[in-house]
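TrEMBL annotations:
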type: ACT_SITE; residues: Glu155; note: active site
type: BINDING; residues: Cys111, His154, His158; note: Fe cation binding site
Amino acid sequence: MILMKDIIREGNPTLRATAKKVSFPLSQEDRDLGKKMMKYLEVSQDEKLAEKYHLRAGVGLAAPQIDVSKRVAAVLVPDNDGSIVFKDVLYNPRILRESVKRAALNEGEGCLSVDRNVAGLVIRTDRITLEYYDVNGERHEIKLENYPAIVVQHEIDHLNGTLFYDHIDKESPFKLPENTIIIE
Ligand SMILES: O=CN(O)C[C@@H](CC1CCCC1)C(=O)N1NCCC[C@H]1C(=O)Nc1ccccn1
Ligand code: NI
């Protein structure tokens, strides 16, 4: 089971590397990788279990965060009544289209691999068309918007060695650019 000690932090070069695509059919290792990343998210979102295993709750986890430089990310996005908005393990995810409209989370972003608060608006695309392959090698092409789209962009950034604060305007971190909405 993945624990916080398995999550690498800023300074580890893997976080700044470009991760490699996986090939299909997936090896058992790559299947297991996706499974254990999703398990982390499930356990971390269960208050009792998160406390028991000292996990920071997460809605996404990318393979580079556990020092595996492969293009694999798990996403588990709940909505505030606890139902699931989007849940899947993304293999070779790719953004096909981006809206002109931009979006940023009201309270900024954090990262399980960044042990400090970095304040500021993380400007992202509001709506994306996402292509990815699932554990069975099935191709998916889906549209996401607002919070789920933000989460997926945060994870795909990890596959490209980008961290959330790379998107924060150093001069004026809270400036809201044109055609950018705030997501509560
Ligand atoms: O790359 C992946 N990561 O670094 C885990 C991040 C991914 C999200 C950050 C912003 C968009 C994606 C993550 O999930 N967090 N960031 C650090 C601490 C909080 C935590 C979080 O937002 N938790 C949460 C939110 C709602 C419901 C339940 N839990
Ligand atoms: Ni992160």
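Glycine too: its Cβ is placed from the backbone N, Cα and C atoms.
Bear in mind that TrEMBL entries carry predicted annotations, made automatically and left uncurated.
Everything TrEMBL records as a feature, shown here on the structure.
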residue : record                 : Cβ contacts under 8 Å, 6 or more apart
Cys111  : Fe cation binding site : His154, Leu163, Phe164
Glu155  : active site            : Gly60, Leu61, Ala62, Ala73, Val75, Leu90, Pro93
His158  : Fe cation binding site : Leu15, Ala19, Ala62, Pro64, Gln65, Ala73, Ser113
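Within 8 Å of the Cβ centroid of the Fe cation site, not counting the listed residues Cys111, His154, His158, the chain contributes Gly60, Ala62, Gln65, Glu109, Leu112, Ser113, Glu155, Asp157, Thr162, Leu163, Phe164. For His154 (Fe cation binding site), the number of other Cβ atoms no farther than 10 Å from its own Cβ, over all displayed protein chains, is 24.
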